[in-house]
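Annotated features, as they stand in TrEMBL:
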REGION    1-58  region 'Disordered'
COMPBIAS  9-47  compositional bias 'Basic and acidic residues'
TRANSMEM  64-84  transmembrane segment
DOMAIN    66-252  domain 'Cation efflux protein transmembrane'
TRANSMEM  96-114  transmembrane segment
TRANSMEM  126-150  transmembrane segment
TRANSMEM  162-186  transmembrane segment
TRANSMEM  198-224  transmembrane segment
TRANSMEM  230-247  transmembrane segment
DOMAIN    259-332  domain 'Cation efflux protein cytoplasmic'
């Protein structure tokens with residue numbers, strides 16, 4: 001058993017890897033007592049190293065609030081003029097914008113939940129809500145696309161006169177608002193899957209608005225009303241293509257898969273090359289949220305425990321160079337043969 005100082009918040013971690021943490025007073029130290037449950041073996045020789053780094057998305061609440069407000073305004077304008085101009089494309093765009101507002105609210109809520117401190121029930125905090133929000137956003141996008149396809153097919157089979165000028169003006173306004181909203185989320189879309197979902201919503205709407213504006217011009221000068229629903233079908237195919245990747249990545253993270261940005265081979269090689277490390281096993285990596293990763297690993301060091309400073313250095317390198325915001329390392333002397341319970345199922 002060994003103790004070490006810790007961060008700024010109190011929490012109690014219990015993992016399936018066979019160790020529990022007992023909380024002490026604010027100061028504050030944690031004692032790690034290993035039992036014989038998790039991996040089917042007992043330890044009285046090892047040590048643990050922990051590092052917590054919570055990175056909530058600062059400054060994004062204002063961005064979400066602005067995007068939600070602008071898009072609600074566009075929904076009302078497009079819905080009203082869609083009925084007036086008999087434009088399927090405008091009505092479809094309004095419906096899609098409404099689903100975007102719901103998606104933005106989900107993503108915004110996930111950002112807020114991600115800032116909550118860990119508790120005794122949610123020992124890693126509520127950051128994983130951003131993964132669920134990304135998954136829900138993908139589902140909303142696909143649902144909206146299905147509704148647009150059905151309405152577009154009906155209008156193709158039963159074409160109606162469309163007021164091309166009204167369609168062009170309103171769609172251009174939607175293009176400006178959606179394009180601006182997408183730009184707001186562009187910066188964080190590569191690092192955060194939750195923000196990526198919001199960005200895709202806005203970018204998809206901007207693409208739809210651009211297509212609707214073009215169809216309005218074509219109808220205005222040619223009178224070809226069938227262009228309106230046809231353009232909607234073209235844009236839907238583009239949206240589905242982009243949404244599929246979002247849904248796939250969100251589903252994988254929800255299933256505790258290794259995040260796509262993490263190279264397990266590099267991490268294992270780094271740990272194996274450390275001085276005094278004879279073997280690495282029980283290496284597990286998963287996503288705590290769309291921006292934070294966690295890992296556990298057992299290091300076999302037959303020469304003995306190297307001390308907390310050595311372990312803390314490893315944890316800091318894992319955070320800085322390998323994006324492991326919460327790393328737990330267990331040092332073993334290799335006196336017994338260990339088996340991971342996850343690998344002995346069935």
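Start at 1 and count along the chain as shown; that gives each residue its number.
Just so it is clear, glycine is given a Cβ too, placed from its N, Cα and C backbone atoms.
TrEMBL does not curate its annotations; it predicts them automatically.
162-186 is the stretch from 96-114, 126-150, 162-186, 198-224, 230-247 with the greatest number of Cβ pairs below 8 Å to the transmembrane segment (64-84). Long-range neighbours of the transmembrane segment (230-247) within the same chain, counting only residues 6 or more positions beyond its ends whose Cβ lies under 8 Å from a Cβ of the stretch, are 88-89, 92, 134-135, 137-139, 141-142, 145, 148-149, 151-153, 156, 193, 196-197, 200, 203-204, 207-208, 211-212, 214-215.
Cβ atoms under 8 Å from those of the transmembrane segment (126-150) belong to residues 54, 92, 95-96, 99, 102-103, 106-107, 109-111, 113-114, 116, 192-194, 196-198, 200-201, 204, 232-233, 236, 239-240, 243, 246-247, 249-251, 253-254, 287-292 of the same chain, restricted to positions at least 6 beyond its ends. Long-range Cβ contacts of the transmembrane segment (96-114) within its own chain (Cβ-Cβ under 8 Å, at least 6 residues beyond either end) map to 56-57, 60-61, 64-65, 67-68, 71-72, 74-75, 78, 125-127, 129-130, 132-134, 136-137, 140-141, 143-144, 148, 174, 178, 194-195, 197-198, 201-202, 204-205, 208, 289-291. Packing against the transmembrane segment (198-224) from elsewhere in the chain are residues 64, 67, 71, 87, 89-90, 92-93, 96-97, 99-100, 103-104, 107, 137, 141, 162, 164-169, 171-172, 174-175, 178-179, 181-182, 184-186, 188-189, 230-232, 234-235, 238-239, 242-243, 246: each is 6 or more residues past its ends and has a CB under 8 Å from a CB in it.
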